[in-house]
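Visitor: Mind having a look at this structure? Questions to follow.
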């Protein structure tokens with residue numbers, strides 16, 4: 001192990017070293033100090049008032065004020081968006097204002113806007129009512145005019161004795177009285193005119209007929225176009241009606257029915273001259289109201305525009321103030337000393353920066369007492385903090401989606417930067433598809449400044465967040481596509497001529513006739529002559545399957561090696577001796593040996609059956625290998641490896657629990673197990689030791705846990721190796737699906753002489769490539785690569801039961817935070 005001791009430390013692969021600190025802040029400088037710490041963003045406060053509700057904390061009134069100001073800002077923002085007012089790109093520079101002045105100004109703006117909205121609503125309601133009145137005047141005037149003409153013709157028929165007066169005494173009598181309404185007084189025919197929803201007109205007419213027992217005439221005319229309802233403000237279909245009746249009692253009933261049906265009644269004079277006069281007056285008032293409404297809208301838009309230029313700055317200011325008081329509510333208030341006591345975590349490298357912030361806060365608050373900042377000992381596990389940039393952040397998020405690393409645990413994201421896009425590319429290998437993916441990634445990367453300031457949809461936001469992951473996946477896909485020699489499933493002679501030619505010179509089709517090797521192997525990647533030949537599928541199947549096993553064994557070995565570095569970093573010699581060593585022996589005795597056989601077979605060109613070798617290694621270890629022998633001493637090596645694998649299982653299972661039990665007995669001689677782990681009985685225990693945090697030592701629990709871990713590793717070594725065969729399966733599926741689209745869509749369409757069929761085939765091929773191969777297949781390969789990292793790779797060393805470092809930072813405030 002001396003080689004590993006000479007290696008440089010792996011600090012950049014582990015989370016930042018953290019320390020638990022305490023702050024004692026005078027009351028007069030508390031707000032300024034927390035504000036400066038929020039701007040720095042490197043201190044995570046611990047809530048010391050968990051037992052108190054939000055309404056029992058010290059600064060609850062300040063939080064309520066900030067919440068009320070946030071509500072007013074949202075109210076103003078909603079009206080700005082509703083009005084479609086665009087604030088200037090460069091907001092007007094105004095002097096900084098304090099919270100009290102901002103609160104007063106927001107109250108004034110809200111009151112002014114509410115008053116303008118109330119006046120505007122009243123004017124709009126009046127305008128809509130006048131529009132209805134104008135419509136009723138037009139439609140009802142026509143109805144009354146037709147009634148007059150009908151009544152006049154009826155009088156002429158009566159004077160000439162064309163029909164008997166006793167035939168009908170209903171409608172004719174009403175029409176006759178309607179002509180003389182002005183002079184007949186209370187005994188004449190009257191009418192009520194108005195407007196009602198079209199959907200209620202039929203029920204309205206029936207109710208009037210029943211209420212008046214048929215002693216009325218109901219005339220209606222459709223409005224012709226949607227009418228804005230004065231009450232709801234919505235555009236609805238309405239109908240103008242005129243009800244002719246006789247008697248005061250009938251009028252009372254009709255008006256009540258109109259009110260219950262929501263009908264609006266408007267007075268329409270019978271004389272045409274008065275109708276025209278009122279029509280002109282209504283039109284004039286409508287013109288005046290239009291001018292007034294436009295002026296009011298312009299005034300409101302100017303007010304909203306002036307607010308909108310400062311809205312973003314005010315919103316950030318209120319969010320910061322609310323975050324400051326929320327943080328102050330997490331601190332303890334010492335009444336006797338008039339100071340606030342806070343505790344939290346910070347990276348060790350940030351201690352000097354935090355001290356500088358606290359000194360500036362003391363000076364700017366004119367406090368006579370300085371802020372005390374010192375480290376404290378604690379048994380709590382520190383949070384995990386990785387410093388990432390825009391390139392590594394997406395890979396870290398992929399790992400954190402599985403589980404946040406323990407404090408100072410090896411970070412899989414460092415290795416995933418290479419292994420994740422490479423395993424994706426093994427399944428998605430096609431340099432034509434890789435170029436398409438690369439173009440999309442370059443668009444996201446080159447326009448990242450513009451896109452980062454825009455509000456994107458859920459899918460685009462996810463793609464933009466992982467733009468560098470997509471970029472690496474595209475680059476590796478091009479690399480693997482060149483190895484597979486596939487460009488939209490078509491092979492190319494990129495790196496020279498094929499190593500094979502036809503057996504005879506008269507051969508015209510190299511895919512059907514026999515081929516012979518005439519020159520050195522193809523320099524890079526798969527020889528293009530394999531594609532289309534009879535041996536294409538068996539050759540590619542064997543190649544990709546064996547390559548998947550090699551990659552799986554290599555990555556699983558990397559995971560076990562990282563478990564060694566973790567154990568060595570934390571000084572846990574038991575895990576090195578009784579987990580790392582037997583795990584390496586077991587995995588490589590079986591599947592490492594299989595990988596070795598694959599490499600030897602490739603190098604020697606042997607025809608040995610590796611399935612037969614691996615199966616009979618267990619069934620008949622001492623049997624004769626015959627044609628399946630790849631090297632001298634293979635049988636003896638297989639017996640040795642099988643014995644080592646059998647020894648490794650109890651090596652993992654038994655020693656560690658019994659050694660732990662012995663260590664605890666030696667450390668706590670004369671004490672029962674229930675005192676183990678306490679600080680009084682174990683003053684020399686290390687604070688970072690996991691055993692120091694347990695109240696007792698339960699041998700059966702430790703033994704069962706070790707047994708589960710050992711069985712899981714043994715069975716997982718088999719299942720995880722088989723799981724890497726998905727690299728072979730998905731790569732083959734992607735290649736075959738691409739071939740089907742190329743041959744059955746593009747080549748089939750170009751086999752016809754019709755330009756329309758060729759264009760249709762090209763369009764269908766493009767859509768199939770874009771939506772099925774580039775979207776669905778890439779998503780499938782992404783998910784399978786994710787599973788290989790989460791399950792097959794990270795379970796060898798990664799616990800993932802930590803928690804993130806979430807400092808109090810203004811930069812991390814969510815946009816939608818209240």
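Note that Cβ sites are derived from N, Cα and C of the backbone, with glycine treated the same way.
Per TrEMBL, coiled coil is recorded for 99-126. The annotation transmembrane segment is assigned in TrEMBL to 422-446, 467-484, 547-565, 585-602, 637-654, 755-776.
Please situate the listed features within the shown structure.
Guide: Residues 65, 69, 72-73, 75-76, 79, 230-231, 233, 289, 292-293, 296-297, 299-300, 303-304, 307, 314, 317-318, 321 of the same chain lie 6+ residues outside the coiled coil (99-126) yet bring a C-beta within less than 8 angstroms of a C-beta in it.
Through the fold, the transmembrane segment (467-484) approaches residues 390-391, 394-395, 398, 417, 420-422, 424-426, 428-435, 437-438, 440-442, 444-445, 448, 494, 524-526, 731, 735, 778, 782 of its own chain, all at least 6 residues removed from its boundaries and within a Cβ separation under 8 Å.
Within its own chain, the transmembrane segment (637-654) is flanked in space by residues 578-579, 581-583, 585-586, 589-590, 593, 613, 617-618, 621-622, 706-707, 709-710, 713-714, which lie at least six positions past its ends and keep a Cβ under 8 Å from the stretch.
Under 8 Å from some Cβ of the transmembrane segment (755-776) lie the Cβ atoms of residues 433, 436-437, 488, 734, 737-738, 741-742, 745-746, 748-749, all in the same chain and six or more residues away from its ends.
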Visitor: Going along the chain, which residues at least six beyond the ends of the transmembrane segment (585-602) come within the CB cut-off of under 8 Å?
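Guide: That would be 546, 549-550, 552-554, 556-557, 560, 608, 610, 613-614, 630-631, 637-638, 641-642, 644-645, 647-649, 651-652, 713-714, 717, 721.
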